[in-house]
Amino acid sequence: MKFEDLLRETGGFGRFQILILVILCLPRINLPMHFLLHNFIAATPSHHCAIPHQEAFVNLTMEEVLLISIPRESDGTFSSCEMFSQPQFHLLLNSSLQSENKSIIQRCQHGWVYDHSQLTSTISTQWDLVCEHRGLNQATATFFFIGVTMGAVVFGYLSDRFGRKTMLLLSLVCSVVFGMLSAASVSYSMLAVTRTLTGVALSGVSLIVLPLAMEWVDIEHRTFTGILSSIFWSVGNMLLAMVAYLVREWHWLLVAVTGPCLLSIVCLWWVPESARWLIAKGKMKQAHRHLLRCARMNRRKDFAVSPEALTRMVTDKKPGGSYFYISLFRTPVLRKISLCSGVVWFGVSFSYYGMSLNLTGFGLNIYLSQFVFGVIEIPAKMIMYVLVNRVGRRQSQAWTLILTGLCIGANVVIPKPFTSLRSVVAIMGKGFSEAAFTTVYLYTSELYPTILRQNGMGYTSFVARLGGALAPLVFLLDQVWRSLPEVTYCSVAVCSGAVAFLLPETLNVCLPEGIEDVE
């Protein structure tokens, strides 16, 4: 007897499964509010060098003070990082006469003045992470994703060893602790450390929520569960835009997005441990208790499977044995799956965060851009609900990634003045990118056997977070060539999409329980 047969006897997809999905949607909504928080806490408003002795220019307007103190860029805007060593009063007579003498231009000597009309306070304005310190600003996102990368390794192994629910509770508690410490940061170093630790903790939430839900639903509703869980991510995207719009001070914004973790901790009381995992570990009595509860909630009073009968469901020869990440590469088919899925996850995450963390070039203000990016994800996921069941997981995964790359590449060649066309292509690319992310979560959870599923998700999440950690740093390549970041994102997305064709199809296939099911 397979576990899917047991689920049918307990009611298949009923009130029990709906309760689990509703509760697990809470941490799922909260995840993007942290993962994309960099867009707001590290946003850099327009700025220019602070002008010394500005009170001496009482007879001049602010525009005239800037004219004699700050050189202009080639596009006519005032420089953000340079100033004149002495006031250039002759520019008041003819502002078009920009001096050719570079010796009178110097870096900012007295700090910066920021435009606070949209953002009251960010880490950029608090610690002057601009100009030559711009890399430190981008690095805050990288530190967070490095934490997520480390957490993927830790929680992937621990949740297979000690259970999904236990590790989910631990990761939520740690998320609250480190999230609040981040909000209380008094220095850049403290923020970097606490955001890294927050990333470690939230990695457990990201890693466990979907597999825990998937392991309680039948084959017919696996796609629905994966898509629904992904839609909650998009809801979190939109909520982040609204919360950030209302809370413009970065310390309190961190508090606002961390607080909901407390509600998730309370609600987790009603979520059972995965019966699949309990059976795979030989804990038949606990699995039987949860299955009875499932049958009662689904109004299936005829459920009469004994704990002894569950013993026959352990398909691996070593029930309750310990597995580590090396097990993903010991057998030929599993090795191929692991290598290819790692490449796909890297490409999905790298291109997704490359687009999601670049709101300023979208032509709208950052709040509206964030909201629009969240909205466009929902129809993309609705379409994927149909596609993954019609054309299969493999084709859907490959083509969404390839089309993401082509949209990013298209914006490299479309001239800058065509802002409307560039915006449409960017929105399409964001939709394809989210469709790829939606598919990869569902697809990967179906590729690995139960005894190694969390190890597999941990490994792929580790690789994905490497992509997420590198994505914000790639923006700095625009100093080499303005289009180099987009070309990089495009190339990686297209290549990883091609690799997806090498993975096996999992449409309408039972979830594998043991390694021999995969082989």
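Note: Cβ is positioned from N, Cα and C throughout, glycine not excepted.
Copied over from TrEMBL, here are the features:
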type	residues	note
TRANSMEM	12-29	transmembrane segment
DOMAIN	87-508	domain 'Major facilitator superfamily (MFS) profile'
TRANSMEM	139-158	transmembrane segment
TRANSMEM	170-191	transmembrane segment
TRANSMEM	197-217	transmembrane segment
TRANSMEM	224-246	transmembrane segment
TRANSMEM	252-271	transmembrane segment
TRANSMEM	337-355	transmembrane segment
TRANSMEM	367-387	transmembrane segment
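Counting Cβ pairs under 8 Å that are 6 or more residues apart, the transmembrane segment (139-158) and the transmembrane segment (367-387) reach fewer than 3 and are not in contact. Relative to the transmembrane segment (252-271), the listed stretch 170-191 leads the set 12-29, 170-191, 197-217, 224-246, 367-387 in CB pairs under 8 A. On the 0 to 100 pLDDT scale, the domain 'Major facilitator superfamily (MFS) profile' (87-508) averages 86 in the predicted structure.
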